[in-house]
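Working notes, beginning with the structure itself.
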Amino acid sequence: MGLGRLQAWLLGLPTAVVYGSLALFTSILHNVFLLYYVDTFVSVYKINKTAFWVGETVFLLWNSLNDPLFGWLSDRQFLSSQPRSGAGLSSRAVVLARVQALSRHGPLLALSFLAFWVPWAPAGLQFLLCLCLYDGFLTLVDLHHHALLADLALSAHDRTHLNFCCSLFSAAGSLSVFASYAFWNKEDFSSFRAFCVTLATGSGLGFLGATQLLRRRVEVARREPGCSALAVDGSLCGEELLVGSEEVGSVTLGQYLRQLTRHRNFLWFVGMDLVQVFHCHFNSNFFPLFLEHLLSDHISLSTGSILLGISYVAPHLNNLYFLPLCRRWGVYAVVRGLFLLKLGLSLLMLLAGPDHLGLLCLFIASNRVFTEGTCKLLTLVVTDLVDEDLVLNHRKQAASALLFGMVALVTKPGQTFAPLLGTWLLCFYTGHDLFQQPPMTPIGSAQPWPEPPAPAPAQAPMLRQGCFYLLVLVPITCALLQLFTWSQFTLHGRRLHMVKAQRQNLSRAQTLDIKTV
């Protein structure tokens, strides 16, 4: 009886809650991975420097290429309107395919996460294989999860609601960072290993359960005309929408890339997002450094660790406030407001100088939180670009995962530029070279920066001043570039409403065509 009630309760959960829970099962693993994988291989497994950097270099290449590769493999059939074997692919079948992919790749992501914490091969080989396997499955999960955001809902209001639930569950998943401090011990690794096994088991089972619930809703929607149990806005209600009712030539990868180069809003968006990804990873890489050289004399080590942990949770909580604003004013206006806020706070901090400690503390925290929060809002913009791509190129089905992959291909180099440009600027202005101190932090990692030896007394003020200018001038430059590129982006207001209406009209037209066959 109790089991039956539990099953009924689970089946009664809103679609947005089930969809958002997938973000929880990813974030509980990924935040722990970011914090500890480097320290594990350097301090516990004693990987040598050459093997470490070979692994990081291969990882960077793989990390940049796998998004468009997996997106193309997933969605290439949607670019063609030619039917396969006389049968088309329905919108509901597309959602079901994505859910089934998540049910496979989610548990495999959990298994690849476990592979980091048990030595099973030479350290260099294990490092390379673990990074590539984990990032591959993480990319597959992220692509299909983000693509579902575009496939489950059409209206901006409902997509914002889905994203709201993702932020809520991601914030809950970030608490694994705080719990991990209680188990992390380089000398006795068994307790931390057991903690990771617990996280991976919970994540894998969670993926299986959540995808099973989503699959049930797809099947219920197939039988019930109202289908309120599945679609947030009814986007999958009614008859099945077939891909391939007209016979035209298939679209090759080269043709698809040419279509993207003609997609003006896509080009302006990826230009802006490249700067945003750079700024997000710049803050992640240099956050501990700023705490050390600008605030270490005024805050304790434990306070710094708490601030670092909060910086993982706060962006998700912050989005719980900004997403309702997006429903009211639109994502474009909220993102533009955040860029203006970033510019205003940075100019105020520049004028105030590094000696106003209260303002400095607030700026360091808010700079990271608002920047990370903006990154999470931009997922909604990509879903709008999916709609515009479908309308502009007259596709029979939205190639959601592929477009997310192409955005990642263009913007992920920002992860590499952030630590390289940041350390070069710091060395240029102060003569202080962070890469002279082992162990070095890998490019694109969120691992806290290695503690450098104390600078000479004569160099300390110069280093502090250099860190301060790096702290304020980078966001000023990023904000100016982003305000310019964002001003060229036209997919908002009347044009966005027109694109939404055309996509909905296209769906209705396809339904009518099928009914007349």
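Glycine residues also receive a Cβ, built from the backbone N, Cα and C atoms like all the rest.
What TrEMBL says about a protein is an automatic prediction, not a curated fact.
What TrEMBL records for 16-38 (among others) is transmembrane segment. For the transmembrane segment (16-38), same-chain residues at least 6 beyond its ends with a Cβ under 8 Å from one of its own Cβ atoms are 102, 106, 109-110, 113, 116, 130-131, 134, 138, 141-142, 145, 148-149, 152, 161-162, 164-170, 172-174, 176-177, 180, 184, 192, 196, 199-200, 202-204, 206-207, 210-211, 213-214, 217, 232, 312, 439, 441-442, 445-448.
The annotation transmembrane segment is assigned in TrEMBL to 50-65 (among others). Outside the transmembrane segment (50-65) by six or more residues, the chain places 41-42, 123-125, 127-128, 131-132, 135-136, 139, 408-409, 412-413, 415-416, 442-444 with a CB less than 8 A from a CB of the stretch.
Residues 22, 26, 30, 33, 37, 40-41, 45-48, 50-52, 54-56, 58-59, 62-63, 66-67, 70, 101-102, 105-106, 108-109, 189, 192-193, 196-197, 408 of the same chain lie 6 or more positions beyond the ends of the transmembrane segment (117-141) yet place their CB under 8 Å from a CB of it. Residues annotated as transmembrane segment in TrEMBL: 117-141 (among others).
Per TrEMBL, transmembrane segment is recorded for 162-184 (among others). Residues 16-17, 19-29, 31-32, 35-36, 149, 152-153, 191-192, 194-195, 199, 232, 305, 309, 312-313, 316-317, 319-320, 323-324, 376-377, 379-380 of the same chain lie 6+ residues outside the transmembrane segment (162-184) yet bring a C-beta within less than 8 angstroms of a C-beta in it.
Residues or ranges marked as transmembrane segment in TrEMBL: 190-214 (among others).
Per TrEMBL, transmembrane segment is recorded for 266-287 (among others).
If you look up TrEMBL, you'll see 299-317 (among others) marked as transmembrane segment.
Residues or ranges marked as transmembrane segment in TrEMBL: 329-352 (among others).
Long-range neighbours of the transmembrane segment (468-486) within the same chain, counting only residues 6 or more positions beyond its ends whose Cβ lies under 8 Å from a Cβ of the stretch, are 268, 271-272, 275-276, 278-279, 282, 286, 290, 294, 332, 335-336, 339-340, 342-343, 345-347, 349-350, 353-354, 363-364, 367, 371, 422, 425-426, 429. For 468-486 (among others), the entry in TrEMBL reads transmembrane segment.
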